[in-house]
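Step one of this worksheet: look at the structure below.
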Amino acid sequence: MSEGPATTAGQVLRLLLRGNGERSGQDMAQRLGISRAAVAKVVTSLRAQGLEIEAAPRRGYRLVSEPPLLLPAMVEARLAPGSLGLPLIHFDEIDSTNLEARRQAEAGAPHGACLVAEHQSAGRGRLDRRWQAPKGSALLFSLILRPSLGLRRVFALNNLISLAVCRALQKHGGVDAAIKWPNDVYLEGKKLAGVLTEFTSRAEAVEYAVVGVGLNVNQDAQWLAGLDQPAMSLAAATGHAWNRATLLAQILGEMSALHEEFMAGGGEELAREYARRSLILGLEVTVREGQAVRRGKAVGFAPEGALLLEEEGGKVSPIHHGDVSLLDWEVLA
């Protein structure tokens, strides 16, 4: 679970959202244990960040609109109590949320802290592949975790965040995405998201892990067509824009539940769910591990996150990392 409560701004905005956008200053002051003047100060701050909030005599405050940004208060207002994602740190521009998360983790940032950016100048995925997106169009965030895990189980975090993305899209948007182990989420046969888990260990135990996500949200079809690989965005797939703050809160909520279940010993069931959402299960694949190349059928996934590969002769081996390609991509058409 996260280390601390939402900020006062997040709590005020949460009350406005739960009150159908409208709430009196006196009511919010009583609920939060602060003065009406303090509430007014928070509202002024939210307005300065681009939120349109009206004030009417005897009616109080009314939330009219929010900017298309990932402002902390907007995400915090939508987080379930105790969810991962706090504190939430927002950047307009950054080199990479994963790089900054590692810097902050080294400086002592707590378990559950989340860093989110409108744009990355050096965003990267697995094997240092570049991740790019127009400013304000994608969901780019990194989560700092400090789990009590041995090195063998840390790879499961990559599977958990992929599951969290798929769960959130299905539950809250009716979108059925699939996972291409170990790092990609696909929609309609095209890449929708990439995940990247990095960690630091001491004495065979994980000191901290950084779980990063780059999710195509509101990029248009024309921009996607200019990429060097087939890609999809939620807007292109569904025909409408998505609220990124809401989506981030939903993914963090799903990740919180998955992380708690995994740490409580639920790895077997989560591996089965991962298999049900897998793009490659039952298919012939090639796995590249450095210079080595292995071929076989993807027959399952281990609780600790490994791909179970059935090679010639029927031997099944766990693969903990590698670059996976389908031998026949036409099966996805």
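Glycine residues also receive a Cβ, built from the backbone N, Cα and C atoms like all the rest.
Note that the structure is a prediction, hence the values are computed from the model and not measured.
Among the features that TrEMBL reports, DNA-binding region is placed at 25-44. Under 8 Å from some Cβ of the DNA-binding region (25-44) lie the Cβ atoms of residues 8-9, 11-12, 15, 53, 55, 60-61, all in the same chain and six or more residues away from its ends.
Feature annotation from TrEMBL assigns biotin binding site to S96, T97, N98, Q120, R124, G125, R126, K191. Under the DSSP three-state reduction, Q120 (biotin binding site) is assigned to strand. Cβ contacts within 10 Å of Q120 (biotin binding site), excluding its own Cβ and spanning all protein chains shown: 25.
Annotation comment: TrEMBL describes 83-263 as domain 'BPL/LPL catalytic'.
DSSP states for the DNA-binding region (25-44), grouped as helix (H, G, I), strand (E, B) and coil, give 17 helix, 0 strand, 3 coil.
Comparing the binding-site residues S96, T97, N98 on other C-beta atoms within 10 angstroms of each C-beta gives the minimum for S96. According to DSSP, K191 (biotin binding site) sits within a strand segment. For K191 (biotin binding site), the same-chain residues lying six or more positions away in sequence with a CB closer than 8 A to its CB are D184, V185, N216, Q229, P230, A231, M232.
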